[in-house]
Amino acid sequence: MIEEERVVSSRLQAGDAPLEAGLRPQSLDDFPGQERVKEKLSIYIQAARERGDALDHVLLYGPPGLGKTSLAQVIARELGVGFRMTSGPAIERAGDLAALLTNLNDRDVLFIDEIHRLPRPVEEILYPAMEDFALDLIIGKGPAARSLRIDLPRFTLVGATTRAGRLTGPLRDRFGVLLRLEYYRPEELTRIVLRAAGILGVAIDPEGAAEVARRARGTPRVANRLLRRLRDYAQVRAEGVITAEVARAGLDLMEVDPLGLDRADRRLLAVMAQHYGGGPVGLETLAAAIGEEPETIEDVYEPYLMQMGFLQRTPRGRVLARRAYEHLGLPVPAWLDAEGPETGVRPGGARAGSGPARGGSGSSRDETGSAQQELPGLGL
């Protein structure tokens with residue numbers, strides 16, 4: 001399935017950027033949810049302002065779509081300083097980073113999204129910039145090469161990543177503030193939907209907003225996208241007003257179920273259940289079976305499925321939990337009944353799926369191909 005077709009994808013899609021720009025909060029008080037993160041930031045920001053010093057470097061991490069970019073912009077506004085934004089893949093050479101850093105003013109915020117994707121040579125240049133506010137560059141090559149140190153303003157680096165585990169130790173250790181953004185609760189998302197509807201001029205009642213929130217996978221980006229789709233649905237089918245009934249009908253048409261799973265999520269779970277005995281299944285095999293990239297499974301599918309208790313990662317591969325079978329309406333395997341709910345471990349210590357884990361690029365074509373067939377009884 002093409003990623004852009006997934007209305008519940010937490011990744012940024014075409015059409016999201018203009019909407020998100022108009023909905024971004026302007027202050028910490030305006031930023032919804034993430035109370036623990038906001039309380040810590042408010043203390044650090046106030047202390048930095050009172051000292052007239054730069055805020056410690058901040059690392060924001062967590063699943064996509066939770067507001068890391070918005071929070072970085074809020075940090076700069078609360079500090080009353082300039083804001084520059086880039087991404088790890090966009091900084092290809094040390095010179096690109098040097099150009100960014102030398103154009104900052106004192107106490108400015110530099111935001112690097114996907115910081116885990118910085119090239120290693122660029123990352124190594126960043127170390128002294130973060131620690132000593134200086135750039136150490138090598139000019140020339142061979143015997144004529146010489147080192148050059150450039151002093152930098154005291155800036156704040158805000159890094160964002162969906163994969164904190166992929167950051168190198170030296171880079172991670174240079175961040176003074178590490179903050180994890182969590183999935184939002186339904187009541188928080190309801191407030192986000194109502195706020196967005198007010199800004200966009202969409203007629204929606206509290207019950208309709210609550211229905212959107214329940215199916216938004218704990219993610220504001222998804223909630224706002226569902227609201228935009230329902231605006232169109234309500235305009236054509238319901239006189240422009242999104243009630244709970246209209247929201248349910250529209251979201252059912254989009255194939256987003258009451259727990260926020262879409263057709264692609266259900267297919268992934270069904271493939272694991274019906275073709276791989278519930279697992280363990282290797283990431284490469286699973287990706288080939290459903291026609292997705294491994295990175296998409298790790299970043300987009302798995303965080304929410306794991307949060308909801310449908311899926312587990314084990315050293316031998318991905319394993320389904322009892323709740324996945326119950327949600328799909330499939331019989332719960334005997335090994336899950338024997339070992340108890342949600343464990344994904346068969347009696348005797350063997351995990352779901354007999355024999356070695358089916359995974360990696362060495363899995364057979366027949367094995368992968370069988371998973372591409374229509375799944376009986378599920379219409380997937």
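Note: Cβ is positioned from N, Cα and C throughout, glycine not excepted.
Where the annotation comes from TrEMBL, it is an automatic prediction and has not been curated.
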Return the residue out of Y184, Y233 that TrEMBL annotates for the same ATP site as L23, R24, G65, K68, T69, S70, E131, D132, F133, R174, R221.
Y184
F133, Y184: which of these binding-site residues has the highest Cβ count within 10 Å of its own Cβ?
Y184
Give me the count of other Cβ atoms within 10 A of the Cβ belonging to E131 (ATP binding site).
12
